[in-house]
């Protein structure tokens, strides 16, 4: 069937919008790299930078070969079985390359979250294994449940759970909770870094070596989140039938606003909250607070009012602060607070959406504003228990699925002795012990300068 000129223009604009959003999401990889590098000690900077590159390149191949098929194949509500290695794409009845690229940018972000949890003590080969498995199988299955048109939890399915389906618009659960729970298991099985807790069980500070990189990474992630959240509309030229001047472009703008307000609120609350707890103003804590607000709003960014985004960010900050205190009491060591930030704030984001989603915005987002459509919405907005129940189910099944897949994988790597590096290598630093040299010209004091120095010192100690 011939396509009109107007349809061609509309399709072109929507494709450009989706591709631009994909590029913004990919910029987040640079943000992750800067944030991770600044948050670890200088002797591990090269290692963490390399793992971020590996997450991208390994995740690209695994998502291309298997992940996209498991995520968006149409065979059943639990896992896809079409489009392996992009077979039959593009076509008029399936997805296009631009959609794959956008989803790929999400997939490689998940492994980056987990990498932060196990930083400074993990063998490089372990990164290769878990990154491939997480990006190519564990994460795509969750995507199929929530974002595929026939997923059993999807808010776009023809058979909606509780008449609602779970609303996870851009991935508080699908992306962040998955990465956070995977990081939880990896960090738990590995145990704390050497020296993180003293003989009496008291926490020993191991602050990152470069606050400048942390702040730079935070702003790059903030910039990328404008592709992550607003870009999840996929199409910008979709008009709402109930109005003459509103459409997806309205939702895109509102989503960018709610994203900004949640992150900003979480940042300012963390600033003052940590000031009360530790007695000084901490830039690194504020950066994590801002990111926690972004993570939390990612689920409901398109279906809540701006004022609700402020509420989201306020509570996200306290979730992060509380989980960090709990982690220290339990001797849980996550160098980037990725488990607490992405896992904890991601979980809060799912619950928040079930409480504050607005009916009008739900219909606009998931039914293009169609007249006569009735959907459950936020519990506190008078929308009943349907959406809230779906959100709780999503939270529980994601935690369970990631636990029964990534937990055994990390345990197997541990038993095979290919998960954690030796104590000597950890003390010397991964840069010198695994990568042949430091990221900087002048290494930390009392550390070997070249790999040959490290080998000689190691032989002398033996």
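The backbone N, Cα and C atoms fix where each Cβ goes, glycine too.
TrEMBL lists transmembrane segment for one of the ranges 167-189, 236-258, namely 167-189. In TrEMBL, the annotation transmembrane segment applies to 97-119, one of the ranges 74-96, 97-119. TrEMBL lists transmembrane segment at one of the ranges 348-369, 370-391, 392-413, namely 392-413. Remote same-chain partners of the transmembrane segment (392-413), defined as residues 6 or more beyond its termini with a Cβ less than 8 Å from a stretch Cβ, comprise 114, 126, 129-130, 133-134, 137-138, 141-142, 145-146, 153, 161, 166, 168, 173-174, 177-178, 181-182, 185-186, 189-190, 347, 350-351, 354, 419. In terms of C-beta pairs under 8 Å, the stretch of 49-72, 126-147, 210-228, 307-328 lying closest in packing to the transmembrane segment (16-37) is 210-228. Mean pLDDT for the domain 'Ammonium transporter AmtB-like' (18-440) in the predicted structure: 94. The stretches the transmembrane segment (167-189) and the transmembrane segment (97-119) are in mutual contact, each linked to the other by at least three Cβ pairs under 8 Å (pairs 6 or more apart in sequence).
Ranked by the number of CB pairs under 8 Å to the transmembrane segment (49-72), the listed stretches 97-119, 126-147, 210-228, 307-328 are led by 126-147.
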